[in-house]
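Lifted from TrEMBL, the feature list:
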type	residues	note
TRANSMEM	43-64	transmembrane segment
DOMAIN	116-252	domain 'Peptidase S54 rhomboid'
TRANSMEM	125-146	transmembrane segment
TRANSMEM	158-176	transmembrane segment
TRANSMEM	182-203	transmembrane segment
TRANSMEM	210-229	transmembrane segment
TRANSMEM	235-253	transmembrane segment
TRANSMEM	283-305	transmembrane segment
Amino acid sequence: MMGRGEAGNDSVEIKVHPRQANTPAGSPPHPSQFQNQSVFKNWVPWLVPLFVVANVAVFIAVMYVNDCPSNSGSCVAPSLGRFSFQPLKENPLLGPSSSTLEKMGALDVNSVVHKHQSWRLISCIWLHAGVFHVLANMLSLLFIGIRLEQEFGFLRVGLVYVISGYGGSLLSALFIQTGISVGASGALFGLLGGMLAELITNWTIYANKFAALLTLLCIIAVNLAVGLLPHVDNFAHIGGFLSGFFLGFVFLIRPQFKWINQKTCPPGYIAPPAQSKHQTYQYVLWVISLTVLIIGFTLGMVALFRGVNVNNNCSWCHYLSCAPTSLWSCKSQQVYCQSMELGSQLKLTCLSNGKSNMYDLSNNDSSKVQMLCAQLCS
């Protein structure tokens with residue numbers, strides 16, 4: 001998936017001119033006098049596997065809290081007890097109910113804006129809607145993240161992952177302000193964006209540059225195209241990718257060859273002079289990217305807490321998250337329920353299918369009632 005060809009190795013070939021007693025300075029050296037040195041540290045990855053374990057552990061905890069047998073009449077895999085899944089009609093991904101996900105920290109714009117629960121912008125990237133969802137994301141994380149952590153270390157890759165996930169949540173909240181959103185996809189797209197930026201800013205160290213670039217662009221395009229399907233939060237993907245792309249210019253930068261030669265040149269060898277650790281264009285991209293990130297996140301948070309819905313100012317933006325075709329519709333179906341309070345319980349009746357159910361509610365939260373209504377009408 002990384003498509004980096006020969007440049008994927010953690011060492012680069014350093015060619016330095018040896019100066020010996022019988023070889024005048026500046027004369028062409030014999031090819032046998034060239035030598036290879038490993039100059040980039042090969043990190044042992046542990047943070048990405050820890051992220052995978054954490055995501056799986058959180059999913060198990062969510063299923064424990066969900067306790068399908070106590071809240072639903074028919075569960076999938078009832079032999080699992082309280083870890084059994086919600087009915088497929090309600091959640092085809094084999095997972096918990098939307099109300100449980102909301103309780104555990106899913107991205108809910110109403111809670112973020114009106115209840116000051118900004119932490120949901122981060123907590124939602126550790127939650128998943130079902131077994132298929134968490135399995136696909138964790139396999140992708142291992143495939144992409146392990147190699148990046150080997151090359152750049154846990155700190156830089158961890159920052160790209162978490163900040164990209166936050167950026168994806170922020171853009172999603174600005175465009176999709178009904179329902180909830182969960183998943184690590186925004187953070188994963190951030191790693192893809194970081195890989196693209198790393199290829200661009202460290203262009204000179206790569207072999208087969210254009211082949212690597214074309215392969216990476218194809219992978220990114222295919223994954224973004226999947227986000228055009230209904231019920232997929234492509235704004236989180238786009239936000240994560242853009243965040244990771246700019247973060248890549250900040251965190252995933254490599255020194256230029258001449259500077260490496262100077263630092264690693266053994267005694268008796270002459271290395272080409274280098275006044276700067278990085279090239280000028282790398283510094284320019286670093287400054288531009290950091291500026292874009294600071295301004296973008298600041299404006300995004302201000303707009304979010306002011307209740308701005310970007311769709312009101314962009315009539316075509318919704319097509320970025322779902323493209324309608326003859327096979328599916330992108331229109332969200334509104335559900336309506338009749339509610340009746342009976343003591344400490346709330347009776348909901350779905351107006352579209354006539355189903356009724358009783359719920360114990362400690363507080364009459366409108367967003368929670370709407371989620372229960374959606375489950376009842378599904």
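Cβ atoms are placed via backbone N, Cα and C, with glycine included.
Between the transmembrane segment (283-305) and the stretches 125-146, 158-176, 182-203, 210-229, it is 158-176 that has the most C-beta pairs under 8 angstroms. By number of Cβ pairs under 8 Å, the transmembrane segment (125-146) is matched best by 43-64 from the list 43-64, 158-176, 182-203, 210-229. Taking the domain 'Peptidase S54 rhomboid' (116-252) as a whole, pLDDT averages 92 in the prediction.
Where the transmembrane segment (210-229) meets the stretches 43-64, 158-176, 235-253, the count of C-beta pairs under 8 angstroms peaks at 235-253.
Taking DSSP states H, G and I as helix and E and B as strand, the domain 'Peptidase S54 rhomboid' (116-252) has 107 helix, 1 strand, 29 coil.
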